Amino acid sequence: MASALFMVVLLAMASSVVLASDPSPLQDFCIADKASPVLVNGLVCKNPKVVVAEDFFFQGLNKAGNTKNKQGSNVTPVNVMQIPGLNTLGISLARLDFAPYGLVPPHTHPRATEILTVIEGTLHVGFVTSNTQNRLIFKVLNAGDVFVFPVGLIHFQFNPDMHKDAVAISGLSSQNPGLNIIADQVFGSDPKIDRGLLAKAFQVDKGVIDYLQKQF
């Protein structure tokens with residue numbers, strides 16, 4: 001059943017019309033030339049005469065990612081870096097694997113809305129609206145459920161089950177959605193953000209900031 005649902009989700013994402021934030025294509029396709037030294041907003045097209053089927057192909061999304069890490073989760077991206085044929089098409093996807101109590105921590109995608117479908121297990125998901133409301137909108141999802149995370153908003157996914165894994169597939173409205181993990185960026189920046197500044201921002205002692213910065 002899970003494998004059948006997995007295929008339905010992939011087919012639906014592949015056939016749906018996507019309102020993307022990326023620039024619209026002006027030709028049939030623009031296969032990304034990742035070796036080109038030219039810098040543009042996106043990636044330079046390679047010669048269409050040398051385009052092959054592999055430029056539109058990715059293999060292995062049926063395989064579980066390694067969740068043996070401190071967060072107990074793994075994200076397998078399928079964006080323009082994995083499929084050069086996604087260049088200018090304004091779409092990508094990802095597989096999300098969760099160990100019991102696994103978490104994809106609060107993060108944003110600065111260039112994409114995300115639509116997530118649970119394939120196996122249960123997920124507690126949510127996002128926070130922008131200032132000044134800072135309203136938490138959340139839901140517990142089961143297999144077959146779908147949830148949308150609006151572009152740019154902080155959101156998370158968590159497996160609340162202590163015994164079972166969870167799997168989800170996400171579609172994103174950009175060939176390169178970007179990823180900002182909030183804690184990593186605030187406490188793990190290089191160079192470090194001044195601890196006095198962060199202590200004032202979070203209204204905590206500087207020792208707390210010292211401890212948090214040492215974790216990243």
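Note: Cβ is positioned from N, Cα and C throughout, glycine not excepted.
TrEMBL: automatically predicted annotations, no manual curation.
Features as listed in TrEMBL:
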- H107, H109, E114, H155: Mn(2+) binding site (BINDING)
- H109, E114: oxalate binding site (BINDING)
- C30-C45: disulfide bond (DISULFID)
- 59-210: domain 'Cupin type-1' (DOMAIN)
- 1-20: signal peptide (SIGNAL)
Task: Neighbouring C-beta atoms (10 Å sphere around the C-beta of H109 (Mn(2+) binding site)) - done: 23
Open item on the list: For the Mn(2+) site (H107, H109, E114, H155), what does the 8 A shell look like? I mean other same-chain residues with CB within 8 A of the CB centroid.
Closed with: T108, A112, F127, F149, L153, I154, P177, L179
Task: Among H107, H155, the one of these binding-site residues whose Cβ has the fewest neighbouring Cβ atoms within 10 Å - done: H107
- [ ] Please work out the mean pLDDT for the residues of the domain 'Cupin type-1' (59-210).
- [x] 97
